[in-house]
Amino acid sequence: MMGDGRGARAPLLECGGEFAHPHKTSAPRCCFWLASHVNVRKCVAGIMCISVLTIFFYTYYVTVPLTSLVWRDRVPRPLSQCSLLASQQQAARDHRSDARLRIDAKVLVIVESAYSRLGRDIAELLVANRIRYKVEVAGKSLPVLTTLDKGRYGVIVFESLSKYANMDKWNRELLDKYCREYSVGVVAFATPGEETLVGAQLKGFPLFMHTNLRLKDATLNSASPVLRLARAGETAWGQLPGDHWAVFRANSSTYEPVAWALRQNEYGTEEERLPLATVVQDHGRLDGVQRVLFGSGLQFWLHRILFLDALSYLSHGQLSLSLDRWILVDIDDIFVGERGTRLHEEDVAAMLASQAALQRLVPGFRFNLGYSAKYYHHGTALENRGDDSLLRNREHFNWFCHMWNHQQPHLYNNVSHLEAEMMLNKQFAIEHGIPTNSCYSVSPHHSGVYPVHEPLYEAWRKVWDVKVTSTEEYPHLRPARLRRGFRHKGVMVLPRQTCGLFTHTLLLERYPGGRHRLDRSIQGGELFQTVINNPINVFMTHMSNYGNDRLALYTFESVVKFLRCWTNVRLASAPPLALADKYFQLRPDELNPLWGNPCDDTRHRRIWSKSKWCSTLPRVLVIGPQKTGSTALYTFLAMHPSLVPNLPSPATYEELQFFNNNNYLKGLDWYLNFFPPNLSNSSQMTFEKSATYFDGDLVPRRAHALVPNAKIIAILISPSKRAYSWYQHIRSHGDVIANNYTFHTVITANDSAPKPLRDLRNRCLNPGKYSHYLERWLAEYSSHQLHIIDGSLLRSEPAGVMNTLQKFLKISPHIDYNKLLKYDPKKGFFCQAVGNDRTKCLGKSKGRIYPPMEERSSKFLKRYYTPHNTALSKLLVRIGRPVPQWLKDELSNG
């Protein structure tokens with residue numbers, strides 16, 4: 001809705017006269033308003049509007065109850081065309097210049113506090129548009145702004161204009177110098193409580209600000225170079241949200257209005273009725289710094305697209321968003337629905353007419369129909385003719401398979417049963433000439449798509465050759481701005497969006513929150529912002545939304561026209577497979593999924609197979625790194641009655657290596673099969689050990705997504721010894737490169753060496769950069785969840801290490817490992833005591849004795865690891881962990 005002050009019965013007129021009061025409207029427009037409410041199909045020319053209004057109010061409120069009106073005779077009409085013709089639209093500006101090459105595509109946001117509302121709104125809008133950002137709290141020193149010869153940030157955003165104007169001299173001069181040298185602009189917002197006059201605070205700029213105003217009727221300056229997404233020419237009629245607006249007045253050509261509004265008091269003086277600048281651009285003619293200043297936050301929908309335009313303009317196009325927006329409208333549940341709610345023939349005709357109208361504005365647009373054929377002809381006689389009309393017009397629509405009986409796939413554990421259900425739907429399609437080659441399907445209630453139900457993906461491939469699906473559940477339903485796509489088993493999963501219509505939203509009069517709420521979503525609200533923030537939109541609707549009051553037709557025609565009125569986006573549509581290809585071209589980082597725990601989301605638990613479990617996912621992860629004693633620790637942990645290890649893998653033995661690439665893409669079901677469905681008592685917990693986790697690039701984030709409350713255990717030894725042990729380990733396993741090159745040659749290889757040699761060098765050296773990898777883990781897990789074991793103590797005093805570890809894990813009973821472990825002089829380390837002075841030790845590959853390291857290699861590694869060891873020491877002190885003796889020795893000798 002254009003403004004928050006309009007009532008639920010406000011009419012939808014053309015964009016240029018949105019929500020005008022009836023007494024301000026010409027007779028024909030007044031009649032148009034009535035026609036959308038009380039079945040007036042034609043207006044007699046010359047009838048005065050007041051007479052019509054009298055008849056309307058008497059009829060509407062006195063003689064005709066709303067519930068007695070016939071549904072299809074009072075279908076709401078969508079927005080009319082813009083006041084400016086499409087042919088008069090100006091081409092969107094291109095903000096790109098060479099200056100963008102000197103800055104990174106990242107925003108620095110300076111907020112008043114970590115909990116401020118506007119700061120959160122800014123961050124959420126940046127996240128929704130995949131714009132990278134960093135948040136700093138005002139009052140602190142500025143972060144590092146440059147890296148070598150490039151600026152780290154393309155735009156600096158201040159939540160508070162007052163805080164920006166009152167920066168201390170040192171930080172202000174530093175910021176201004178950065179902005180001038182790298183052509184970086186500033187965005188600032190006036191917030192409630194700002195001073196009435198801040199000209200002097202902006203270094204004597206002739207800019208005055210007046211606050212705490214109520215405003216209405218916003219317009220844009222078509223000459224402003226800031227506008228790109230936003231399109232000028234219309235008026236946002238009505239009161240603007242909030243009572244604390246600020247407006248700007250200036251006496252310098254460096255300032256140019258971007259947006260105006262009027263005082264709320266329409267009976268004020270002539271001066272008070274003049275347009276007031278609510279957003280201004282500072283061209284930087286006085287100090288060389290360009291700025292865009294907002295008189296309010298982001299609650300006003302127009303400010304949200306102006307903010308995106310400001311980022312684009314001030315970053316010289318580095319933060320520009322594409323103007324292309326792709327729209328697909330799915331209609332689920334075709335043939336499904338209770339009697340009295342299904343489609344009639346005239347509803348199908350209305351769909352075709354609406355589709356034709358949308359095709360003129362959205363090239364390639366077609367409604368995408370998903371059918372459950374079991375319910376064909378299950379309505380009244382009129383509704384059955386509606387089913388037949390859909391089939392007669394089948395070539396005018398796109399089609400996709402739903403489930404035959406609209407059953408949720410996660411309820412099927414047998415693939416063959418799923419295939420049989422799908423074949424029934426396919427046979428119906430073949431018999432009735434419905435195309436079967438869309439390669440697209442949607443599951444009822446999104447069941448089985450995410451969380452993944454593997455039988456569904458298998459049946460889809462076999463029966464329908466499905467390559468694309470969509471869901472609103474990945475990674476979670478809310479917040480919608482975080483919905484993402486992924487690919488699993490060759491199926492591309494697109495994020496699906498809601499449009500405010502559900503199976504129960506049949507009548508406008510019963511719309512939750514009233515018509516006011518639906519119109520507000522269309523006109524700048526959630527639906528409008530969804531299209532703005534997402535280059536590719538797959539919308540979910542249902543068959544019932546196209547009968548009854550035909551709310552879906554009203555909604556999509558209205559939002560498309562509103563987008564045309566207020567933005568320069570280029571709307572288009574395409575079949576699902578083409579959209580999926582486009583999506584992952586734009587978002588290649590989303591191809592690999594990020595599995596979450598279905599038990600942590602109530603909605604996910606409901607659409608996950610009852611035969612699956614997640615209560616026994618590991619609560620302890622031993623992450624390595626390799627050659628530090630992780631296998632010994634795994635053995636010691638398995639001795640405790642409260643700790644249950646994973647089942648062994650046929651390929652990697654005790655290590656599952658799930659969070660590394662290959663196994664991770666096999667899916668959550670693969671991982672769960674290595675853990676028991678139930679534990680013998682509630683005090684038990686499962687654990688897993690994979691030494692490759694420590695330095696895996698994606699492992700910390702993946703692990704945290706699935707087991708965010710897990711305890712993390714790392715083992716650290718001298719990185720020099722670890723590197724040498726790794727080299728000897730793979731050499732003993734027949735590695736060709738290790739057997740052809742000495743250890744010293746490997747670790748000193750430069751970047752021009754053959755790739756296999758460089759790879760071996762990296763595997764020897766990189767895991768020993770302990771602080772680097774621990775910081776990654778600490779970015780996902782709190783320091784209280786991380787336990788670091790001194791690997792030298794694990795070898796020499798394992799009982800003491802295990803006693804401390806039991807306290808960290810808070811497990812009971814507390815057992816004495818002095819009674820469970822015994823030193824084996826042949827092996828040279830502690831093993832499990834099995835009675836009669838015997839021990840059970842690890843295999844022959846463990847505890848090998850290698851030749852001593854060459855002195856030149858030892859010296860090289862000490863120099864190489866000194867900065868990394870120093871960083872590790874500082875990290876351990878910072879998180880309150882003891883510095884191991886081996887680290888102290890290496891630093892003192894270095």
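Positions of Cβ are set from backbone N, Cα and C atoms, glycine also.
Positions annotated as active site, for sulfotransferase activity by TrEMBL: K627. Annotation comment: TrEMBL describes S725, K846, G847, R848, I849, Y850 as 3'-phosphoadenylyl sulfate binding site. Annotated disulfide bond per TrEMBL: C831-C841, in sequence order. TrEMBL lists 103-314 with the feature domain 'Heparan sulfate-N-deacetylase N-terminal'. Sequence annotations record features per position, and here TrEMBL assigns domain 'Heparan sulphate-N-deacetylase deacetylase' to 324-528. The feature domain 'Sulfotransferase' is assigned by TrEMBL to 618-866. Under the heading transmembrane segment, TrEMBL lists 43-61.
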Rounded Cα separation (Å) that holds between S725 (3'-phosphoadenylyl sulfate binding site) and K627 (active site, for sulfotransferase activity): 6
Nearest of the recorded positions (K627, C831, C841) to Y850 (3'-phosphoadenylyl sulfate binding site), judged by Cα-Cα distance: K627
Winner by Cβ contact number (other Cβ atoms within 10 Å) across the recorded positions S725, C831, C841: C831
Packing count at K627 (active site, for sulfotransferase activity) (other Cβ atoms within 10 Å of its Cβ): 23
In the chain carrying R848 (3'-phosphoadenylyl sulfate binding site), residues 6 or more apart in sequence that have Cβ under 8 angstroms from it: Q728, S732
Rounded Cα separation (Å) that holds between C831 (disulfide bond) and I849 (3'-phosphoadenylyl sulfate binding site): 17
Winner by Cβ contact number (other Cβ atoms within 10 Å) across the binding-site residues I849, Y850: Y850
Integer Cα-Cα distance in angstrom, the residue listed as 'active site, for sulfotransferase activity' to I849 (3'-phosphoadenylyl sulfate binding site): 13
